[in-house]
Amino acid sequence: MSDAAIATAPAEFAPWEDAQATPLIRFQNVTKRFGDFTAIDNLTIDIYEREFFALLGPSGCGKTTMMRMLGGFETQTEGTILIDGQDVAPVPPNKRAVNMMFQSYALFPHLSVAENIAFGLKRDKMPKDQIAARVDEMLNLVQLGKFANRKPHQISGGQRQRVALARSLAKAPKLLLLDEPLGALDKKLRQDTQFELMDIQETTGTTFVIVTHDQEEAMTVASRIAVMDHGKIIQVDTPAKIYEEPGSVYVADFIGDVNLIEGSVTKSGDDHATISWAEGQQDLIGIAHDEIPAGTRATLAIRPEKVNISTERPADMTNIIHGKVLDIAYLGNMSTYVIETPTGQHIKAQAANTRRIRRRAITWEQEVWLSFTDTAGVVLTS
Amino acid sequence: MRRLSWFNTVSLTLGFAFLYIPMLILIVYSFNGGKLVTVWSGFSTKWYGELFRNEAFLDAAWVTLKVAVVSSTIATVLGTMAAYVMVRAGRFRGRTLFSGMIYAPLVMPEVITGLSLLLLFIAIGLDRGVLTIVLAHTTFSMCYVSVVVSSRLVTFDQSLEEAALDLGCTGFEAFRLVTLPIIAPAVISGWLLAFTLSLDDLVIASFTSGPSSTTLPIKIFSAVRLGVSPEINALSTIMITLVAVGVIGASLSSKRTIAKRAKDEQEAIQ
């Protein structure tokens, strides 16, 4: 399974960086309004073949609307959506080479597992023996051969999820849409299923577009993530880039845990920027690809696990913050320390618990130094 | 099993006595040998024989059955269509007005419905007969079907239909292959409701029936006005038996379905 995780790594597969590649899906200035409410606001994006593309955002950000427009259940108010070069606006859902896996799975309760999977194939007037062969193939793919004759209410939630996946893949669509596919599963099952999904995406070579509000899920499965808010895409990037180099405070804050340190820029250039942020503390340096004029208000975003904590002032680090331990959260494999600076800001640092707890040196109310390198944080102006 | 307290025993007995003593008396007297309805003169089944030789009653029963089957079928089709539009079509212009108007016949006094239909049939010059009774029964039972079916459709997961469209169905195929099989129990109970309503309707039928087309309730009502005959007791006993068999059968089969479902779900968990 870990092979699949490596295979989707961007180093080998990055059609979005190839100017020659033709996208499978193109949203061109698409706007969708429901009455006065703008669900999708002038959105432009390309999605490429064989991608596992995640739409990530809080509820009401427009991610589901985007997916339903691809499925043909909504029509955009303005703009064009192209799938495989074809304008799909006049094409009804039943004529699109797109299939969808619904959040509720939408399995037909009156049909058996095998009949559910065969449903779409029968509509295509496929010969009977071919349907049977294809259904067997799909049942093997999701490892449900034994359950072919059960009804949906006779199988467990995880099995239903796989039937829904098999049914939506049976017609070998160019594009598979997954609407919060793992939302109804418990955590352990969800993690296993994420890897299974990636495996299946690899084997079938289908383009997957997944809608989720679970950032961990998006990070695990996706080749690229689009972070959305209020009908706009805030950033599209690989999971690593989204996490390491968020383009805005919103993205930094939405994905994972982050310290946001506000200040004003004193120096910028050479891929870095320096901000002065509190009296009595030294200036902090972070990555900034564009030059920022001095004096601009900016935020340094730094992940807690990239912040070192020590009881003595480290000698060779670029960024050092002095403070006092306010809180310690023991999470088993690691601990999160909340440090209060003399000016009252709270900054989090995370350290792996490589030693037994009673041997650790840091405790409440202790004076500590936090430090991080000049490439650990990013300086953001929006 | 728990023993009931004396208070509960008394209330139960009184309640059931209130409900069933009239019917019980009717059944007992249907086996009365004598002509007088109120005087017992020995056990006999001769009135059942008399009943099956009475052409007028048999004709009326046949008309009633025909009317009930045809009108409840039409009402089910129309009522289901109406329910589907009301629940599914979203907010179109005049939706509130239409949904209110569909339910109005539920509370309309039958006399008024009957009278207005009679006036309509006279106005358009339609001769009263089986056809007019069918039309009238369809009109008033359709709204009952619509109520039953729409209450099922409200809880129907719309993504099932979208999944059908997504897998290549046209709108009508999605309805026929997915929606209809799933809401079938509601449609069938709607049909049964319409069927029973038509079967025992007296008021509307008496406004809209013609001389050649008397339904059983009209026949019984007019016969009773000339005095209760033991034949009517026999007829009523047959009807009570049929209804009882139907109700008990339905409840047993639904109990079995529920038990089977519970067992299936147990299996799924394992």
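Positions of Cβ are set from backbone N, Cα and C atoms, glycine also.
Positions annotated as domain 'ABC transmembrane type-1' by TrEMBL: B:61-253.
Proximity of distant same-chain residues to the transmembrane segment (B:12-31), defined by a Cβ-Cβ separation under 8 Å and at least 6 residues beyond the stretch ends, is recorded for 4, 37-38, 40, 43-45, 47-48, 230, 233-234, 236-237, 240. The transmembrane segment annotation in TrEMBL covers B:12-31 (among others).
Within the chain carrying the transmembrane segment (B:60-85), a Cβ under 8 angstroms from the stretch's Cβ atoms is held by residues 102, 130, 133-135, 137-138, 141-150, 153, 175, 179, 187, 190-192, 194-195, 197-199, 205, 213-219, all 6 or more beyond its ends. As annotated by TrEMBL, transmembrane segment applies to B:60-85 (among others).
Residues annotated as transmembrane segment in TrEMBL: B:97-124 (among others). Long-range Cβ contacts of the transmembrane segment (B:97-124) within its own chain (Cβ-Cβ under 8 Å, at least 6 residues beyond either end) map to 82, 86, 132, 135-136, 139-140, 142-144, 146-147, 201, 203-204, 206-208.
Within its own chain, the transmembrane segment (B:130-154) is flanked in space by residues 63, 66-68, 70-72, 74-76, 78-80, 82-84, 86-88, 102-106, 108, 110, 113-114, 117, 121, 183, 185-187, 189-191, 193-194, 197-198, 201, 204-205, 207-210, 213, 215, which lie at least six positions past its ends and keep a Cβ under 8 Å from the stretch. The transmembrane segment annotation in TrEMBL covers B:130-154 (among others).
Annotation source TrEMBL lists transmembrane segment at B:174-194 (among others). Counting same-chain residues at least six beyond the ends of the transmembrane segment (B:174-194), those with a Cβ under 8 angstroms from any Cβ of the stretch are 71-73, 75-76, 79-80, 84, 137, 141-142, 144-146, 148-149, 151-153, 156, 160-161, 163-165.
Panel annotation: around the transmembrane segment (B:232-253), residues 23, 26-27, 29-30, 32, 37, 47-48, 50-51, 57, 216, 220, 223-224 of the same chain, lying at least six beyond its termini, place a Cβ under 8 Å from a Cβ of the stretch. Residues annotated as transmembrane segment in TrEMBL: B:232-253 (among others).
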